[in-house]
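Take a look at the structure below.
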Amino acid sequence: MHLKKYLLKGLHRLQKGPGYTYKELLVWYCDNTNTHGPKRIICEGPKKKAMWFVLTLLFTSLVCWQWGLFIKTYLNWEVSVSLSIGFKTMDFPAVTICNASPFQYSKVQHLLKDLDALMEAVLGRILGPELSQVNATTALNLSIWHHTPLVFINEQNPHHPVVLDLFEDNFNGSASSSPAPGRPCSARRCKVAMRLCSHNGTTCTFRNFSSATQAVTEWYTLQATNIFAQVPNQELVAMGYPAERLILACLFGAEPCNYRNFTPIFHPDYGNCYIFNWGMTEKALPSANPGTEFGLKLILDMGQEDYVPFLTSTAGARLMLHEQRSYPFIKEEGIYAMAGMETSIGVLVDKLQRKGEPYSQCTKNGSDVPIQNLYSSYNTTYSIQACIRSCFQEHMIRECGCGHYLYPLPDKRKYCNNQEFPDWAHCYSALRISMAQRETCIYACKESCKLLGTSPPLPPCLLPPVSPQDWIFHVLSQERDQSSNITLSRKGIVKLNIYFQEFNYRTIEESAANNIVWLLSNLGGQFGFWMGGSVLCLIEFGEIIIDFVWITIIKLVALAKSVRGPPPTVAELVEAHTNFGFQPDSAMPGPDAGAYRREQNPPIPGTPPPNYDSLRLQPLDVIESDSEGDAI
C-alpha cells in the first residue's frame with residue numbers, strides 16, 4: 001500500500017514538472033553555479049553583462065575544443081613501447097632440424113623414374129642440340145609432359161610472340177624425346193615458360209620465368225607434388241631420412257642425448273623433421289648459463305649421396321628455433337646449415353608483448369579468427385603463419401575442388417592430382433598470384449599478441465679438412481655402421497652449436513600511451529584552468545539539462561493532447577459531475593403514513609459543487625490534527 005502511494009506521488013511529480021520556465025531555470029543556474037563567469041552575466045550592468053557573456057562563451061568553446069582534442073587522442077588507442085634486455089634462466093627454445101632433401105632417392109626412385117627421364121630430356125633441349133646427350137630412341141611418359149609442358153617464347157617481335165614447344169614432334173603425338181635439330185630457338189634467345197591449361201586445353205596461360213633454371217625447378221617441383229600427393233603419408237615417412245641416420249651425436253649442456261630425445265614430424269617440403277625440447281609431452285629444458293658449453297651440440301649426417309637430384313639444390317640441414325608447442329614453419333622462417341660446415345647460433349630471445357583490443361588487432365589464442373586452423377591437429381599454439389596457410393587451403397578447396405599437398409587437409413577432402421583434378425595446376429597458379437586472395441587472408445588473420453623470435457646465426461666455419469682429423473669420421477663411422485673404414489663423407493657432415501648469448505632475452509612490451517586516468521586529468525585540468533570548474537559544476541550543468549528536457553517533454557505531451565481533440569466544454573464538465581443514478585427514498589407504508597407530511601426532495605444542482613479544499617487556509621492534515629486535538 002505504501003509502495004503504491006509512493007509511486008503515485010512520483011507519477012504526479014513527473015506530470016507536474018520542475019515548476020519553472022526556461023528563463024527561470026537559466027537565471028537560477030547562473031546565480032547558483034560554482035563555475036566562474038555565468039554569475040557575472042546576471043549581476044552586472046548591460047555592458048558588463050555583454051562582456052562577460054562573450055568571455056564565458058569564448059572560454060566554454062575553448063574548453064570544448066580542448067576536450068575534443070584529448071578525447072580524439074585517447075580514442076586513437078596509441079601505445080608506448082618499453083625495451084628490457086638482460087640474462088636470466090629461461091627455457092631453452094625448441095630446435096627443429098630437417099634434411100634439405102625430403103626423401104632418400106633410393107626409396108623414391110621408382111616413383112620419379114619417368115619424371116627424371118623427362119627432366120633429362122628437357123635439360124638436353126634447353127642446353128641445345130649440340131650439348132644434348134639424350135638418346136633419340138628413348139621412350140618417355142609424355143602424359144606428364146602434355147599435361148603441363150614447358151615452352152619457348154620467342155619475343156623477337158614483341159607484338160607477335162611465337163610459342164614453341166620444346167619437343168617439336170610432340171605436337172603430332174610422337175613419343176620421341178629427340179629435340180628437333182636446327183630449331184631456331186634456345187634458352188639463350190628465348191624465354192622458358194610453363195603452359196598451364198584448363199577445360200581440356202581450351203583455356204591456357206603462360207607462367208614466365210627470368211631464368212631457365214627457375215622454370216625447370218618449378219616445373220619439376222610441380223610434377224613431383226602431383227606424384228607425392230597420391231602416396232599415403234605412412235609411405236612418405238618411410239621414404240624420408242630416419243632419426244638414427246640423421247642424428248649422429250647430441251649433447252645438451254653436460255648431459256648426453258640421442259635421437260630418442262627428438263619428436264618426429266613430417267613436413268611436406270623437407271620430409272622427416274625432428275624437434276628437440278618441443279615441450280609437448282615433457283617439461284621444457286631450462287638453461288641458466290651462457291656459452292657453448294651449456295647449449296645444444298649436434299653432429300648430423302646429411303646423406304648427401306642419396307639426395308633427390310632434381311628436387312634439391314642445397315646440401316645441408318634446415319633448422320629453426322621456435323617457442324615450445326608451436327608449429328615449425330621451417331620453409332618460411334628456418335635457416336640453412338651448410339654441409340661440411342660448423343655453424344654456431346648464439347640465441348637472443350626476442351619476446352614481443354602486444355596490447356589487445358582496442359589497441360591492436362592481435363589475438364591471444366586464435367579463437368576470434370574466422371578461419372579454421374588446419375594445424376590444430378598438431379596441438380600447437382596459434383600463429384599467423386598457420387592462419388594464412390589454412391586460409392589459402394580453404395580458398396584452394398573452394399576454387400579448385402581439392403587441397404594442395406603442402407598444407408593440411410580438412411576432413412573428407414582430397415589432395416590435388418592430375419588424374420582426379422586435371423585443371424588443378426592452372427587453378428593453383430592463378431590463385432597463387434591472386435591479390436584478392438592474399439588481401440582476404442591477411443585481413444582475416446590476426447597476429448598473435450605474444451611473439452618469440454631468435455637472433456641470426458654466426459657465420460659458419462669449415463670442418464677440419466686435414467688428414468690428422470680423420471679420426472673423427474672413423475669414430476662416427478664405427479658408431480653408425482660398425483665399420484673400421486670411413487663411411488661418412490666430410491662433405492655431408494653438419495655440426496651445430498646452439499647456446500644462449502651473454503644477454504639472452506630482449507623483451508619488447510606495449511602499454512597504453514593514454515589511459516583513462518590521463519584523459520580525466522587533462523579534461524579536468526582544462527576545465528579548471530579556463531573556467532574554474534570541477535566535477536560538481538558538471539553535475540549542476542547536467543541537472544539543468546535534465547530540467548530543460550523535462551519541461552520540453554511536458555510541453556510536447558500537452559501539445560499532443562490538444563492536437564488529438566478539443567478541450568471539454570462547460571456542459572461536458574457539468575454532465576461529468578451530474579449523478580443520474582440518484583433516486584429519492586420512498587416512504588415506508590404503515591398505519592400512520594398519512595399522519596406525516598411527505599418529505600420534499602431537494603432539487604438536483606445544475607452546476608458542479610465547489611472545490612472546498614481550495615478554500616481552506618491550512619492543509620487538510622493540519623486541520624485534521626487540530627480537530628483531533630480538540631477531541632482529546
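Each Cβ is built from the backbone N, Cα and C atoms, and glycine gets one as well.
What Swiss-Prot records for CYS98-CYS273, CYS185-CYS190, CYS197-CYS204, CYS250-CYS257, CYS362-CYS449, CYS387-CYS445, CYS391-CYS441, CYS400-CYS427, CYS402-CYS416 is disulfide bond, and it gives similarity to another entry as the kind of evidence. Taken from Swiss-Prot, the feature N-linked glycosylation site covers ASN141, and the record attributes it to sequence analysis. Taken from Swiss-Prot, the feature phosphoserine applies to SER625, SER627. Marked as region 'Disordered' by Swiss-Prot: 589-615. As annotated by Swiss-Prot, motif 'PY motif' applies to 608-612. Swiss-Prot lists 72-533 with the feature topological domain 'Extracellular'. Per Swiss-Prot, transmembrane segment is recorded for 51-71, 534-554, and the stated evidence type is sequence analysis.
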> Which of the disulfide-bonded residues CYS98, CYS197, CYS427 has its Cα closest in space to the Cα of CYS250 (disulfide bond)?
Replying inline: CYS98
> If we check Cα distances from CYS402 (disulfide bond), which of the disulfide-bonded residues CYS190, CYS362, CYS391, CYS427, CYS449 wins as closest?
Replying inline: CYS427
> Looking at the recorded positions ASN141, CYS362, CYS416, whose Cα is closest in space to that of CYS257 (disulfide bond)?
Replying inline: CYS362
>> If you measure from the CA of CYS400 (disulfide bond) out to 10 Å, which disulfide-bonded residues from the list CYS98, CYS197, CYS204, CYS362 are inside that radius?
In response: none
>> Rank aside, I only need the closest one: which of the disulfide-bonded residues CYS362, CYS416, CYS427 has its C-alpha nearest to that of CYS197 (disulfide bond)?
In response: CYS427
>> I want to check the contact list for CYS445 (disulfide bond): same chain, sequence separation of six or more, C-beta distance under 8 angstroms. What comes out?
In response: VAL369, ILE371, ILE384, CYS387, ILE388, CYS391
>> Counting across all protein chains present, how many other Cβ atoms fall within 10 Å of the Cβ of ASN141 (N-linked glycosylation site)?
In response: 13
> How would DSSP class CYS445 (disulfide bond) in three states?
Replying inline: coil
>> On the 0 to 100 pLDDT scale, where does the topological domain 'Extracellular' (72-533) sit on average?
In response: 83
> For CYS416 (disulfide bond), what is the secondary structure by DSSP, using just helix, strand and coil?
Replying inline: coil
>> If you count CB neighbours within 10 Å, which one among the disulfide-bonded residues CYS98, CYS257, CYS273 has the smallest count?
In response: CYS257
> When you measure from the Cβ of CYS204 (disulfide bond), which residues in the chain that are at least 6 apart have a Cβ under 8 Å away?
Replying inline: ARG195, LEU196, CYS197, SER198, HIS426
> Does CYS427 (disulfide bond) have same-chain partners at least 6 apart in sequence with Cβ under 8 Å from its own Cβ, and which are they?
Replying inline: SER198, MET396, GLU399, CYS400
